[in-house]
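As written in Swiss-Prot, here are the features:
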ACT_SITE  ASP21  active site, proton acceptor
ACT_SITE  HIS49  active site, proton donor
BINDING   20-26, 48-50, ARG321, 347-349, 429-431  GTP binding site
BINDING   ASP21, GLY48  Mg(2+) binding site
BINDING   ASP21, GLU22, GLY23, LYS24, ASN46, ALA47, GLY48, HIS49, THR137, ARG151, GLN232, THR247, ARG319  IMP binding site
BINDING   SER315, VAL316, THR317, GLY318, ARG319, PRO320, ARG321  substrate binding site
Amino acid sequence: MSASAVGQGRNVVVIGTQWGDEGKGKIVDWLTDHAKGVVRFQGGHNAGHTLIIGGKKTILRLIPSGIMRESTVCYIGNGVVLSPEALFREIEELESAGLQVQNRLRISEAATLILPYHVAIDKAREARRGAAKIGTTGRGIGPAYEDKVARRALRVQDLFDPKHFAERLRENVEFHNFMLTQYLGAEAVDYQQILDESLAFAPRLKPMVADVSAELYAVNAAGNNLMFEGAQGTLLDVDHGTYPFVTSSNCVAGAAAAGAGVGPGRLNYILGITKAYCTRVGAGPFPSELYDNDNPARQDAVGVRLANVGKEFGSVTGRPRRTGWLDAAALKRSVQINGVSGLCMTKLDVLDGLETIKLCVGYELDGKRVDILPRGSDAVAACVPVYEEFPGWNESTFGVKTWDALPEAARVYLKRIEEVVGIPIDMVSTGPDRDETILLRHPYQVA
């Protein structure tokens, strides 16, 4: 719905504060009641947002989560890398379920296209790395961003000039085929096939293409609220994450301005989503890790329990997630980088029944105490976590809707997290459905 206040609407950015998979999709869906539009501003179809609505599970990879609400307009900003094939596959899935999508989806003409050679390079590189692989989803996200930075990328708007598109595509195919065949030892891609398939998408895309930046400004100026939906998480950010074990885009709150074409002064509130514990998919350092399905040395019983009770499997890849205790020192880093206004704690109910709960509040690194996640993967890998222990609770927190109804031990745990990171917890998610939520401060109403 529209903002009730006269004048410019309020804007909320929802970002993950960990390594992704924090439960952003449910919270975005919950907040959509208060927003006219929902905006994706980075990433591609490598991130799956899982929604449970009326007991039905829906996984969105590219289209903003607001599409589940009939009155909401969804935007894909210029910072997104767009696979037309993946887009229309997702549209068809949603429309087959009875949702109207294409008349409510607006796509930036400046969004970078993911084309088949990006996917081929992504997969060939991972195969060549062998045991040293980064853990990419193999969907062409990284290579597409590489082309964007190198200024050779093809964008959505290029599809509508077939001659220009064909010329640019030929140059790109020649370049990438050299990499595929001469360096990666993979098969070449076919220029004509890519050209024909790409141009076939043009008339289907065109009705949805817009000057997203200008539309967002106009919608906001008319007094309507907007929400900016981040993908992945801060610790996977290409600049601020555990590099090189990161994604290929900026997934911090600041990227919402550049990736959607809005002024940073228009971002009123930053909501940081964090689980009550930590998970990570793929390779990379993880100081508070307890369980890794692929590592026999990481089979702690509590970690296994977190994975099973929390159903920790990637929504896009299906890969088992690594699990560990909540790392408040890493969370503090994310809070500072993003300028987080308030936190939303998700999956608190997964901790129900644990006798003891540990919270990482810092590290021992090179003989010194460190209270915030250091920069660089080597330093993070060398960190020995420093824990505080809390008594668990036997009462169920599942579906609890008020703060006072939480077990006292759970409230003590959450309050300590607030103290360590220095900002309030404004929301607590106690189950997958949108109404299984404790609201302490409303992101659209915080002064």
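Glycine is no exception: its Cβ is also placed from the backbone N, Cα and C atoms.
Computed from a predicted structure; not experimentally measured.
For THR430 (GTP binding site), the count of additional Cβ atoms within 10 Å of its Cβ stands at 23 [all protein chains shown].
Distance noted between the C-alpha atoms of THR430 (GTP binding site) and GLY48 (Mg(2+) binding site) is 20 Å. The two recorded residues, GLY20 (GTP binding site) and GLY48 (Mg(2+) binding site), show a Cα separation of 10 Å.
Using Cα positions, the member of the binding-site residues GLN232, GLY318, ARG319, ARG321 nearest to GLY23 (GTP binding site) is identified as GLN232.
Rounded to a whole number, the distance between the Cα atoms of ARG319 (IMP binding site) and ASP21 (active site, proton acceptor) is 12 Å.
When Cβ atoms from all protein chains are considered, those within 10 Å of THR137 (IMP binding site) total 23, not counting its own.
Taking LYS26, GLY48, LEU348 as the binding-site residues under consideration, the smallest Cα distance to ARG319 (IMP binding site) is found for GLY48. GLN232 (IMP binding site) and GLY48 (Mg(2+) binding site) have their C-alpha atoms 9 Å apart, to the nearest angstrom.
Of the recorded residues, THR137 (IMP binding site) and LEU348 (GTP binding site) place their C-alpha atoms 28 Å from one another.
Counting neighbouring Cβ atoms within 10 Å of each of the binding-site residues (ARG319, ARG321), the lowest count belongs to ARG319. In space, GLY48 is the closest of the binding-site residues LYS26, GLY48, LEU348 to PRO320 (substrate binding site), judged by Cα positions.
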